[in-house]
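Here is the structure we will look at, set down as structure tokens.
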Amino acid sequence: MYDYAFVHLKFTVPAAVLLTAIAYPILNRIHLIQTGFLVVVAFTAALPWDAYLIKHKVWSYPPEAIVGPRLLGIPFEELFFFVIQTYITALVYILFNKPVLHALHLNNQQNPPAWMRVVKVTGQVVLVALSVWGWNAAQVHQETSYLGLILVWACPFLLAIWTLAGRFILSLPWYATVLPMFLPTFYLWAVDEFALHRGTWSIGSGTKLDFCLFGKLDIEEATFFLVTNMLIVGGMAAFDQYLAVIYAFPTLFPKVNRYPTTHMLLQSRLINTSRYDLERIEGLREAVERLRLKSRSFYLANSLFSGRLRIDLILLYSFCRLADDLVDDAKSRREVLSWTAKLNHFLDLHYKDADATEDPKKKAERIDAYIKTAFPPCAYQALHLLPTHILPPKPLYDLIKGFEMDSQFTFHGTSDSTDLQYPIADDKDLENYAIYVAGTVGELCIALIIYHCLPDMSDTQKRELETAACRMGIALQYVNIARDIVVDARIGRVYLPTTWLKKEGLTHKMVLENPEGPEVIERMRRRLLENAFELYGGARPEMQRIPSEARGPMIGAVENYMAIGRVLRERKEGTVFVRMEGRATVPKRRRLSTLLRALYEQ
């Protein structure tokens, strides 16, 4: 009795609920629009086709297996299947595509490799051929009619999607397309086999090939679920392609609202691919790789941001990392000061040498010319793509001041080693340094978040949020210093204040020679961590005021970094993995659980 409703209650609804619970922290309005749009399209496209199948006895349902109500002869349970299948597959697609930065996969739109052209054309030819064969097979009531009806209905839609987004789909990682297609398909095959075995629905004799993939699962039913999931995944990917165009190219879409409009999506579809700035895509690829190699915590958290905010955060990190590397890789203090002077001049060209009458294109060319002459080629993209039109100047200049403080250190074993200087004399110097190198980054991140998510935020709220972000940045830097005492000593740096050392009867030289040694160093490490967690405790509640789209990922990034501090505080064998000869590390499972907890709590 009511077997079809039982199938939903036992299989499809629980799967949808579970996927919703898993995906909930990362779902945003765009995902809901994507999924809702595809549900409407799937329902509308399947309605007349399904009605035709039932009318011509291809599909049938025992009266006792359904509740009763119908639309165009289709049981309500079947109508619900259109919706629930689309929803399930869309959620699986969203989950597997969240780590993917789709903008990186627009690079094959202008000059695709030969293999991609061949695959796309081959796919088009095959889909046309299957459509024609399906049309012929569906004309007569014979064993191939059900398979023909599936193909003549689905293949034209697949052809349209493949023509519009084939190159983009081929550019995506296999796990972002193949798994969302096949995982729901395998699950629904099992559900369908169960229903066919129970007689919940049946395929009319004489309309099928009578070949089963396994058990009672007819090859036609297996084909149906495969091609419909291909349609759903293809539709989601096509949607993501046009979103990626909007987010990736500010020259084509200078201002993107919180959520792109339908008009913008249509524009992105109609824009000629020759206008795509592929140099920007390559620069973004460099930035992502720099992020992946240099910061596991932020790399993980960044994938949870969305849209142009995610891209701008990556570009900001790339600039900060590049500037830091220029300082760290320098061979002398003089070289460090040379780099900081060049970085300051780069900022001057953007912020201080602004001439309202100067043509923006000429200004950009002038800045690019300076970048190419003053910096190595590997630095070009990080500097060129920095979104200075959004970022406030003061935190950027202060960031360079932090590098200037670093320049006062000499490098162990170099010709400068006879003139040791340690700029962090007391608590105030320590705080200033942390503000310069980390508090500024917090302020810059908040500036990007406000610009992209809540540009109408009041000035008072902005200042309060920026202050909290700065304090949180200081806390994270204290954790960083506590973690890297040994690593920093190897390059001749001691960030512990001189006043702390004197109180404990230590000198900088003693720390450099034996950074893992006396217990007093461990006491100072704990003092740094106490200061860090005190600042963290004061700033953490303020982070709840971050706009909802960015709150979870931002808090997740902070919590992942503070987990390092917790590792250092625990120091219990078997509880965590700590390498004091280098850097404390947080196990991957713990990093992931910390991030998920932060997301679910929002």
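We number each residue from 1, going along the chain as drawn.
Glycine residues also receive a Cβ, built from the backbone N, Cα and C atoms like all the rest.
Over in Swiss-Prot, the protein carries these features:
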type	residues	note
REGION	1-241	region 'Lycopene beta-cyclase'
TRANSMEM	6-26	transmembrane segment
TRANSMEM	30-50	transmembrane segment
TRANSMEM	76-96	transmembrane segment
TRANSMEM	118-138	transmembrane segment
TRANSMEM	146-166	transmembrane segment
TRANSMEM	168-188	transmembrane segment
TRANSMEM	230-250	transmembrane segment
REGION	248-602	region 'Phytoene synthase'
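Sequence-distant residue pairs (6 or more apart) of the transmembrane segment (76-96) and the transmembrane segment (230-250) include at least 3 whose Cβ atoms are under 8 Å, placing the two stretches in contact. Residues 23, 59, 71-72, 74, 78-79, 82-83, 85-87, 90-91, 94, 149, 153, 157, 228, 231-232, 235-236, 239-240, 243, 259-260, 306-307 of the same chain lie 6+ residues outside the transmembrane segment (30-50) yet bring a C-beta within less than 8 angstroms of a C-beta in it. Long-range contacts of the transmembrane segment (6-26) within the same chain: residues 77, 80-81, 84-85, 87-88, 91-92, 94-95, 98, 187, 191, 194-195, 200, 304, 552, 596, 599-600, 602, each at least 6 residues beyond the stretch ends and with a Cβ under 8 Å from a Cβ of the stretch. For the transmembrane segment (118-138), same-chain residues at least 6 beyond its ends with a Cβ under 8 Å from one of its own Cβ atoms are 112, 144-145, 147-153, 155-156, 158-159, 162-163, 166-167, 170.
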